[in-house]
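Sequence annotations record features per position, and here TrEMBL assigns region 'Disordered' to 864-896. As annotated by TrEMBL, repeat 'WD' applies to 225-266, 268-310, 357-395.
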Amino acid sequence: MVFLAPEPKRSANSLELYRFLYGFQDSIKNIDWSSDSRFIIAGSEDMTARILSVKKCEKLIIYTLSGHKASVFARFCGNDTLDCFTLGTDGELKMWTCDTKLKDMDVREKEKGEEVVKATFRLTSKYFYRNALDHRISEPITTITYHRKLQMLVAGFENGIVMLHQLPEFTLIDKTRLLVDPLSALSMSPAGDWVAMASEGSGGGGGGNLAVWEWRSRCAHLRAASHAANEVAGLAYSPDGRLLATGGRDAKVRLWRVASGGRAVVTFHEHAAPITAVAFPTAKPKVLLSASLDGTIRAFDLNRYRNFRTMSVPNRGGVQFSCLAVDSMGELVASGALDTFEGFVFALRTGDLLACLTGHTAPVSAVQFNPALEQFGRLEVLTASWDASVRTWSLAECEAAAGGSEGGGCTLLETITVPLDVVCTAYRHDGRELAVALLNATILLFDPAEGTQLGSIEGRCDLDVAQVSNDDHVTPHRAAKERKFLSIAYSADGQHLLAAGDSKFICLYSVTERLLAKRFELTVNLSLEGVQEAHDRRRYLAIFSAEAAAARADHRDALLLPGVRSGDDHCRRWWRPDVRVASVSFAPTGDAFAVAATEGVFVYTVEKGGLASNLSGVSNWLFDAVAVGEEATPSNARLQLAQGNFSSSLDIALRLQIPSLIEEVIETVPYSLINFLTRNIPLALVLRSLVPFLARQLEGGRSRHIAFYTAWVDSVFVAHASSLRKSLAQVARPRHTGASQLHLLGLEEANAEAIEERLKQPGVLLEHGEFKLFQASLVRLQTALEGIKASLINRLDGLDATWSYLSQIGRLSRGKKDYPLPLKAMESDEEDESKMEACEESLSMGAQVVDLDDLDETIARDKMKAKRATTKRKMEVMKEKKSKRKKEMEGATIVV
């Protein structure tokens, strides 16, 4: 079918059917247009190719090219010609030449009775794909692409090999194998330097793969993989929001880099069954956890990209884990079972099972740690089940067991009973509110501390009514009543709740108003069940026809389509996957959320005003006045702060530029909300107020909360450095290029091209004063951080010296009595020598002595002290002898 292209103006029917071309007996492999768009060549699985005229042409209406023994690909060879080639999937290539040029296809006004000469095609050459041993390649060809300008043919095989040939001589240029699965698509860049190849995965169970190959340099510049369609079951953001982890039913865990547009970082293949959940510990961003139906919970190291811990339930066989949670410090891991109706708590450090949470009578659907109690050193876990109950457990004994102490087990604190089965749960960031999604698309809000219900949100009508499958024996409206939310998540500020499930819509609710704030339509792909909103009653009634009842009685899996009485492939109504959202998650920064749906992973981001959205429209942000309204008062800022509206109070404080007020607001903000607030502060306020304030607080030891303000600095530059870098060239350009401005820049005698090139360079205003206030703040901040760094280094050096001194004292106290360090002067040289001999003997016997670098110097110094003491003692003895002898001689003289 040939359609006319849609017109630029809006119309009721944008696609208009122009002509219907026929003649094929089987499905079509590919279509190619001629250079003037008047003819089409198509290859088919009926082993023929046909050239068809789009517009009426008497010289060529339909021409069939045959002779192949397998399915055929067909392409036109070049521009301004109808010469073409046909390539069979068995590797046979045929070159065809047309006896009529493309420009001669128009029929002139002929005389009466003159016959029109029809265009014909002639086979000129035939080639076969061969390997290095000159044998025909047995692998079938699955896809091709052709570059007309370079006359290069690229063929992809079932084993992943790509071969590049030059036509019409069929000269082999190069071949490669970047993918191992059968290739499903090939494409060449307009210049012909790059070849992109894709595969759908083997057996339909693997994910799609993509590779980009530069054949001139023989380099692969991109290799990416994804989960298979309808296979993503869970996702989670890293604590900094830069990475996104997904787990699929294909038993693979993939890590994606969000900022690069969804580039895959690594894929883990350790699991042997579908993955149900993934999670990141807040305090350990380089650790990723995944739970699977194979009975294992695996921990992956994102530095070395390896599986360093595997947790499972001993003596239970394969327990099917359905959900996963990890505490913020990354010490305990909790999971729920799908088959044993229990919850389990593991120690991440050792992988040991610490406790088994029993009491549920149905599969455990959700498990979560209470974030409110973790900051006080208490751990509390929640388990929800299909038995219409929510239980909370105290993990004090488990925490002691994880730390190495004796103990284990958990204590049941409270049981909350709800009307229907619990599908999923979500805690607010401060742990003061709990959302529970039920089987009827109702979300209940609870106060975890009191165990009381705060309100409810009815979401059944928000999921909308969509067409059901032809095999369902229920009406669409009846099926809509069975829809439910499969995943819910709180925003970073706790003001909104995101919910999605058995629908093509993602619902964003206001928690305070209990109303739907916005609804996002996920897809318009009509090949999925549940997307089309119009209902055809005739298709629904056909299920209960006599023919359908007879087919079900005969256990036939498909009904014959109208007009089909034989054959198998032509009579099946193929199954179509349902549109569904398996998991949703807000980014820790609060400016994005990710959705795991049938078609893959979708990431929605907030359209930021200012530098991140449109550079040309915000080039004068530095010169805009900061709006200060009547509500911008210190009392209003403190009122908003008391009510917990940190973003509003911080915005007012930064606009007023009162240092004491900014200090009061910032030091009240919880540590967990720093990233969220910094990403939502306008860049003008960051540069005018926040950065100078942070420099003021960190320099000169003005504040004692050094770590807290350093975290603010890190978050500010992580959030705004890229935007500032991208827009600096636009911001730094002067508004006019007058004579005084050119004189200032030293461009009086330069031509217009040199002036424009100079003005494009970033930092023009930075050098000439327009940007110096911010530059001075950056210098102050850098100086303050360097001072903090030097102070920390000095303190660490002092701590190292103190620790070394205390270690020496401790080792001395644990040493032997004959330690060679003399504590008093020896009385004689014989004692000194005996002590030294004892020391040497103890060293030779391997005695434990102090292992110090200056041990030899200490021993030599002690030897000198001992010798000096001995010499002094000898001198005193000699003096005593002389004085005694003198007294004896004086006594003898008196006697005489």
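A Cβ is built for glycine as well, from the same backbone N, Cα and C atoms used for every other residue.
Unlike curated entries, TrEMBL annotations are predicted automatically.
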Segment-level pLDDT (mean, integer) for the repeat 'WD' (357-395): 87
Residues in the repeat 'WD' (268-310) grouped by DSSP into helix, strand and remaining coil: 0 helix, 22 strand, 21 coil
Secondary structure composition of the repeat 'WD' (357-395) [DSSP: H/G/I, E/B, coil]: 4 helix, 19 strand, 16 coil
DSSP-derived helix, strand and coil totals, residue by residue, for the repeat 'WD' (225-266): 0 helix, 22 strand, 20 coil
